[in-house]
Amino acid sequence: MIYAAEEVRARFARRGLSFDPTVEEIVRGILEAVREEGDEALDRFSRDLDGYPVEEVPKRAWREAYEDLDEDLRDALETARERIEAFYREEARGGFLRAEGGGVLAQLVRPLERVGVYVPGGSAPLLSTLLMTVVPAKVAGVREVIVASPPKVHPGVLAAAWVAGADRLFAMGGAQAIAALAYGTGRVPRVDKIVGPGNRYVVAAKRLVYGTVGIDGLAGPTETMIIADGSASPRLLAADLLAQAEHGPDSEPWLLSPDRALLERVEAELSRQLQDLPRAEVARQALEKGGLVLTKDLEEAFALANLYAPEHLSLALSDPLPWLEKVQNAGGVFLGEGSPEALGDYIAGPSHVMPTSGTARFQGGLAVRDFLKVIPVVGLSEGAARELAKKGALLARAEGLEGHARSLDLRR
């Protein structure tokens, strides 16, 4: 179905994360039990919900899984890791030390000590998710990266853990895994931050443990938005929309264009390609969540995209680079038909863990900075302190904090 821009504008404007109170109540009980009872509760929930007790998978099993992989798949994993490392190595530089009036002002950049990475289970092994979370953490210098993935852990996930350089891996999933990482148990160490996507129980658990540990964000269903002009290929556009639609029935694939003829050709192409797509029924449901939108021009298309704040924004334009300055809100941007979002999912370089549900308005994708903390350092000389103390005391008294002011008066 082709929508007019006005039909979707209000829907785009009110986007945001929503939470099921019933799910949160269930998750709250799991978190409390694991915090109070530790491994006993962790194993109980794991048996009840996943059918197996929690176990740590030894590194020899990772290596064996890696060695058992098809040679081409091993090479693809290695290439993906190398590209992710190269992309984030540039960001890892930081901090400064500056002389200041006989003293120093500095900014220390320090990696987190221990990070938990959640890798979902399910019908498809998410090898790429493990690479996209563990590798940036290791580039940042995180000392220990602990992976949690539901039992039985797929051999491909174990192989990816070996390639990415993870430190430990526990076969545990769901809210109970988040609880174990957040609070620590006898077997599972407490981490400083938890990253990675998951189902609604995992998302609810991350939301509830925030403050006890850090989190990367709260992920909803995946979404992609393509802005296209008449130069774009309907066949490629349809394929790119279906690549995201097959993720799940709640995915949202959108195509925005001022070219009605293009939208009509894409609509026909979607019907054709759906005929032999293995996950066609899932993709059909997702296409109903999204749609094709006719805009008056490209300017309106970009205004709608910024309102929607998509996880993925693809610019299928004859000359996409000049339009990049119009992008304000997006998790990641893919320029031209030669840079499909599916490449970003696996091997382009940036992490595919990106903000969803409109949170790209205030949050970026997972990166090295998510595994770093900044510590300011102030070391003023006696002369500089004396010079600043009078003005500092004035500010303190304006706030009604006499103790602060007196501390500064003694330096004058």
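Here the Cβ of each residue, glycine as well, is placed from N, Cα and C on the backbone.
For GLN176 (NAD(+) binding site), the same-chain residues 6+ apart in sequence whose C-beta sits under 8 angstroms from its C-beta are ILE30, VAL34, ALA41, LEU42, PHE45, SER46, LEU49. Feature annotation from Swiss-Prot assigns NAD(+) binding site to TYR118, GLN176, ASN199; the stated evidence is sequence analysis.
The substrate binding site feature in Swiss-Prot is assigned to THR222, GLN244, HIS247, HIS312, ASP345, GLU399, HIS404. Sequence-distant neighbours of THR222 (substrate binding site) (same chain, 6+ apart, CB under 8 A from its CB) are GLN244, HIS247, GLY248, SER251, GLU252, GLU311, HIS312, THR356.
Per Swiss-Prot, the feature Zn(2+) binding site maps to GLN244, HIS247, ASP345, HIS404. A coil conformation is recorded for HIS247 (substrate binding site) in the three-state DSSP classification, outside any helix or strand.
Other Cβ atoms within 10 Å of the Cβ of GLU311 (active site, proton acceptor) number 29 in total over all chains. Among the features that Swiss-Prot reports, active site, proton acceptor is placed at GLU311 (among others), with the record citing sequence analysis.
HIS312 (substrate binding site): 27 other CB atoms within 10 A of its CB, across all protein chains. Sequence annotations record features per position, and here Swiss-Prot assigns active site, proton acceptor to HIS312 (among others).
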Integer Cα-Cα distance in angstrom, ASN199 (NAD(+) binding site) to ASP345 (substrate binding site): 18
Surrounding CB atoms that lie within 10 Å of the CB of ASN199 (NAD(+) binding site), all protein chains: 17
Nearest-integer angstrom distance between the alpha carbons (Cα) of GLU399 (substrate binding site) and TYR118 (NAD(+) binding site): 45
Distance [Cα-Cα, Å, rounded] between TYR118 (NAD(+) binding site) and ASP345 (substrate binding site): 17
